[in-house]
Amino acid sequence: MREIVHIQAGQCGNQIGSKFWEVISDEHGVDPTGSYHGDSDLQLERINVYYSEASGGKYVPRCVLVDLEPGTMDSVRAGPFGQLFRPDNFVFGQSGAGNNWAKGHYTEGAELVESVLDVIRKECESCDCLQGFQMCHSLGGGTGSGMGTLLISKMREEFPDRIMNTFSVMPSPKVSDTVVEPYNATLSIHQLVENTDETFCIDNEALYDICFRTLKLTNPTYGDLNHLVSATMSGVTTCLRFPGQLNADLRKLAVNMVPFPRLHFFMPGFAPLTSRGSQQYRVLTVAELTQQMFDAKNMMAACDPRHGRYLTVAAMFRGRMSMKEVDDQMLNAQNKNSSYFVEWIPNNVKTAVCDIPPRGLKMSVTFMGNTTAIQEIFKRVSEQFTVMFRRKAFLHWYTGEGMDEMEFTEAESNMNDLVSEYQQYQEAGIGDDEEEDEEGVMGEEIDA
């Protein structure tokens, strides 16, 4: 069946990734030793999307763990599901990337990349019909961003026709872990624009907001944030793993979501978000789910969808529900907010429904929006980048690893192009072929 090979790179990627494996192992009834203790045949029907079966009926994740320092790997191995992974699939260096994209992409990471590719090839060979890859990484650090993008471009060469899907943690506007985040992120986005099919932009700040406002957690930990991310990740692939009335896979998703090849940065969301204590006091309706799903408070990227327009949207519903009601509510949402959808893509909402809800909920929905508002993230990073790059601050760390200033300039202009592409489609109407016409039309209106 349609397998997905999961790769997690760097500290952030490994922490989110291991949380994700806890969530889907729970959904499939796989315990920390890899044995199945489920209660339904549905859990096993398509378990081989993410797991391969080893001798003795053990299920082993199709997962490759990569880092340039051993620390995070050790904590994954010592964590609750650490014994689940194939020991050979931990590939790590000793030196660390030190939050330096150039180390991850050109020096330290480049030395390790062949051994990682070997492990990835092994995983792919055990697949029956590989659908694609998903990678978890952050764009602010050194390994996930530098080495992560290096791996993506190498895998693109080797598996050109497979889907490349990334869950990328963007630098946050207020919460910064590293001073050189804007550099690392810009260099990474420069790569992602060219080499991935779908990128889910996740943002720590948006996750913090969800934890504070909606989940009412007074001091959220990274564990809480990662829990939100893994809920989204599990939702995106539900349709592959469980039977449903309307199935979607990564390729269908890409075909429906990406109107222009460069604009494949999605804003994920999840509903219902209820605080852990208050779950049992509510019963959810499809209408409430749909309303919550389009709410800016539920978005996992720190940009406001009301500042842009949706090019396309996909919604993955989970749980037993009436298809008619889902269709009605989705239509209703589009009609009510029609000004937030571009009118030159009719029916730009794709819906999928899967019968199995996540643990602890009767029904839920995972939201993916390809909105022009995502340019806010890129604009923010770009501004920070420009301020530092103008003074050539911190550049010696990168040029010392053999990078050229030209590469920074290219990455910067590529990102600015991306922003203006989003802006252009945000303003485009049905009748305009060119932007000049648009200004002309505006002018006529004023005369009239």
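Even glycines carry a Cβ here, placed using N, Cα and C.
The GTP binding site feature in Swiss-Prot is assigned to Gln11, Glu69, Ser138, Gly142, Thr143, Gly144, Asn204, Asn226; the stated evidence is similarity to another entry. The Cβ neighbour count for Thr143 (GTP binding site), using a 10 Å radius over every protein chain in view, is 35.
The Mg(2+) binding site annotation in Swiss-Prot covers Glu69, and the record cites similarity to another entry as its basis. Summarising the environment of Glu69 (GTP binding site), the number of other Cβ atoms within 10 Å of its Cβ, over all protein chains shown, is 19. According to DSSP, Glu69 (GTP binding site) is assigned to coil rather than to any helix or strand.
According to Swiss-Prot, the compositional bias 'Acidic residues' annotation covers 430-448.
Under the heading region 'Disordered', Swiss-Prot lists 428-448.
For Gly144 (GTP binding site), the same-chain residues that are 6 or more apart in sequence and have a Cβ closer than 8 Å to its Cβ are Ala9, Gly10, Gln11, Cys12, Gly13, Gly104, Cys136, His137, Ser138, Val169.
In sequence order, Gln15, Ile16, Lys19 make up the list of same-chain residues 6 or more apart from Asn226 (GTP binding site) whose Cβ falls under 8 Å from its Cβ. For the recorded site, Asn226 (GTP binding site), the DSSP three-state label reads helix.
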